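Inspection log for the structure reproduced underneath, given as structure tokens.
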2 protein chains.
Amino acid sequence: MEQAFLQFLATQKQTLSAEGVGIGDDAAVLAWPADSKLVVCTDLISDETDFHLADVTPQQIGRKALAINLSDIAAMACQPVGALLTLLLPQGEGSLQLAQGIYQGAAELGAQFACPIIGGDTNSWPGKVAVSVTVLGQSLAGKPLLRSGAQPGDAIFVTGQLGGSIWRHHLDFTPRVHEALQLTQACSLTAGMDISDGISIDLPRLCQQSDVGAEIDVRLLPLSADAQKMSEKTGKPAWWHGLNDGEDFELLFTVPQREADQLVAQWTNATPITRIGTIRHERELTMLGEDGTRQPLLPEGFSHH
Amino acid sequence: MEQAFLQFLATQKQTLSAEGVGIGDDAAVLAWPADSKLVVCTDLISDETDFHLADVTPQQIGRKALAINLSDIAAMACQPVGALLTLLLPQGEGSLQLAQGIYQGAAELGAQFACPIIGGDTNSWPGKVAVSVTVLGQSLAGKPLLRSGAQPGDAIFVTGQLGGSIWRHHLDFTPRVHEALQLTQACSLTAGMDISDGISIDLPRLCQQSDVGAEIDVRLLPLSADAQKMSEKTGKPAWWHGLNDGEDFELLFTVPQREADQLVAQWTNATPITRIGTIRHERELTMLGEDGTRQPLLPEGFSHH
């Protein structure tokens, strides 16, 4: 199977810079611009944990495996440069087709973000399918965006809409690479991350790294139609799903108070940005509930990590 | 389990450059020197395919997962810079200990080669253990060494001793990083790779990339004691095992004819280098057998890929 898949790979064109070397040597080679930081992230998804093989296409698996990594690169406000795709495949018939589909799903998404598949590793084993992706990115303007820079008084924003991503969004979301790069141009981002486990879990992580607290207003959360759908199913309020559901893969970021209004006024990207709260000096995390009362923000989401 | 492992990781010190960011953000960050190429490789090993969990320690698994990648960086004659360690672990008791052991085995080897663990991903699932490692490296002097530069007349060398690696060597081999860097200082390397599937499979790969052929002399192969041990077990000659056994992870490299003798004369590293043949213009691959007769070099090894 591996030989047949390598032959398939040889037919796939991946564009690399003139000095680059892609699949076919012991390692991929990339030229690196001076004064540009390298960022690198890796994430694995596996059958029965992150998807069910019977319910998805191979292309969706490959797309998602790359997309969650591109989301991490976006969270650093960096430009993706290339990806490594490692496959762990069940032995037997169908695994070549599975491998090709996963590759195609990843390669198609990569092409949309100038992120070719530059290497990887393919393995068969007596187990289920898992896909590990590593993405390299580079900082374009100044430093990569970290979780650690938020200051008391900063406005807290999110991109897009939140909640109910388990329905569909977790398989077809668009990593916010373009939005992140546009944000770095539009304002002085102080901290950022992507929302993978839900704001109620991820915002505390950002606050911990920044040594600050935060207060959000649940009435400001931009809710997806799927958050409403989940609400009808569970009986919990839609905002609860916006706050706690995982796999939104939107950006959570902070901006100095004085720039917040202007950022909103000037933002023209089709992906909305919404201010949901404020960074505070006190280390506690609070939220204003539906009725405006202040209460603790509890990590009720599902943690992947 | 993942949370407990992350807490463990937080106690492990990994040295990064002043500007670097390691485990704890969405991606790792590295400063990159001007004029230095980036190389990146990835390799996965899994239970029942590359090892048997009952027969090895977790530390050995982690060590091997990193070592095979460091061997690829050595094959490019580059300096490793950092590694990402992705774990796919069985659910249930013991997986935290397994994760810690794998990490420690990788981190200890990494420390020997100035290659800290700078990131990764940890996952539990209802399956067996697999470990995926990605290593970043940088070219120190000029370009990374590729498989594609061998010229007719070049001398073909290997490092170390070959054969029988399945006994023990595949778990405790030393990646030839230092030797590769020393070789780039000592001579004009034209092509190189690491021997993972045996010379009879790997040399044709190098020749194909270089658009050349080769002839080796099996009487020149530097044979390990384990090649002899295998020979006694299988009844095949020891040289056959030196030629065809996999997982030696020695370097296979080519050097201009005019530099070959001087390289041997001046080589002081404790790891031997041995000339085993010559690159030829004709695309065929041949070998001089035990009796000195020329015969085809057949790929009788075991291919991992």
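The backbone N, Cα and C atoms fix where each Cβ goes, glycine too.
Computed from a predicted structure; not experimentally measured.
Residue counts for the domain 'PurM-like N-terminal' (A:24-138) by DSSP state, with H, G and I taken as helix and E and B as strand, are 39 helix, 45 strand, 31 coil. Here TrEMBL flags A:24-138 as domain 'PurM-like N-terminal'.
Around the Cβ of A:Asp26 (Mg(2+) 3 binding site), the number of neighbouring Cβ atoms within 10 Å comes to 28. Annotation source TrEMBL lists Mg(2+) 3 binding site at A:Asp26, A:Asp72, A:Asp194.
What TrEMBL lists as Mg(2+) 4 binding site is A:Asp26, A:Asp72.
Look at TrEMBL and you will find A:Thr42, A:Asp43, A:Asp121 tagged as Mg(2+) 1 binding site. Around A:Asp43 (Mg(2+) 1 binding site), taking its Cβ as the centre, 26 other Cβ atoms fall within 10 Å, counting all chains.
Marked as Mg(2+) 2 binding site by TrEMBL: A:Asp43, A:Asp72.
DSSP assigns A:Glu247 (substrate binding site) to coil, not to a helix or a strand. For A:Asp50, A:Glu247, A:Phe302, the entry in TrEMBL reads substrate binding site.
As annotated by TrEMBL, ATP binding site applies to A:Tyr103, A:Gly120, A:Asp121, A:Arg147, A:Ser196. Cβ environment of A:Arg147 (ATP binding site): A:Ala191, A:Gly192, A:Met193, A:Arg205, A:Leu206, A:Gln209, A:Ser210 lie under 8 Å away, each six or more residues apart in the same chain.
With helix defined as DSSP H, G or I and strand as E or B, the domain 'PurM-like C-terminal' (A:181-285) counts 48 helix, 24 strand, 33 coil. What TrEMBL lists as domain 'PurM-like C-terminal' is A:181-285.
Annotation source TrEMBL lists Mg(2+) 5 binding site at A:Asp197.
Distance noted between the C-alpha atoms of A:Gly120 (ATP binding site) and A:Asp50 (substrate binding site) is 20 Å. Of the recorded residues, A:Tyr103 (ATP binding site) and A:Asp121 (Mg(2+) 1 binding site) place their C-alpha atoms 11 Å from one another. Here the Cα atom of A:Asp26 (Mg(2+) 3 binding site) is found 11 Å from that of A:Asp121 (Mg(2+) 1 binding site). Of the recorded residues, A:Asp50 (substrate binding site) and A:Asp43 (Mg(2+) 1 binding site) place their C-alpha atoms 11 Å from one another. According to DSSP, A:Arg147 (ATP binding site) is assigned to coil rather than to any helix or strand. Proximity to A:Asp43 (Mg(2+) 1 binding site), defined by a C-alpha to C-alpha distance within 10 angstroms, is shown by the following binding-site residues from A:Asp72, A:Asp194, A:Asp197, A:Glu247: A:Asp72. Listed in sequence order, the binding-site residues from A:Thr42, A:Asp72, A:Asp121 having a Cα within 10 Å of the Cα of A:Glu247 (substrate binding site) amount to none. When the C-beta distance to chain B is held to under 8 angstroms, none of the binding-site residues A:Tyr103, A:Ser196, A:Asp197, A:Glu247 remains. Taking CA atoms as the reference points, A:Ser196 (ATP binding site) and A:Thr42 (Mg(2+) 1 binding site) are 14 Å apart.
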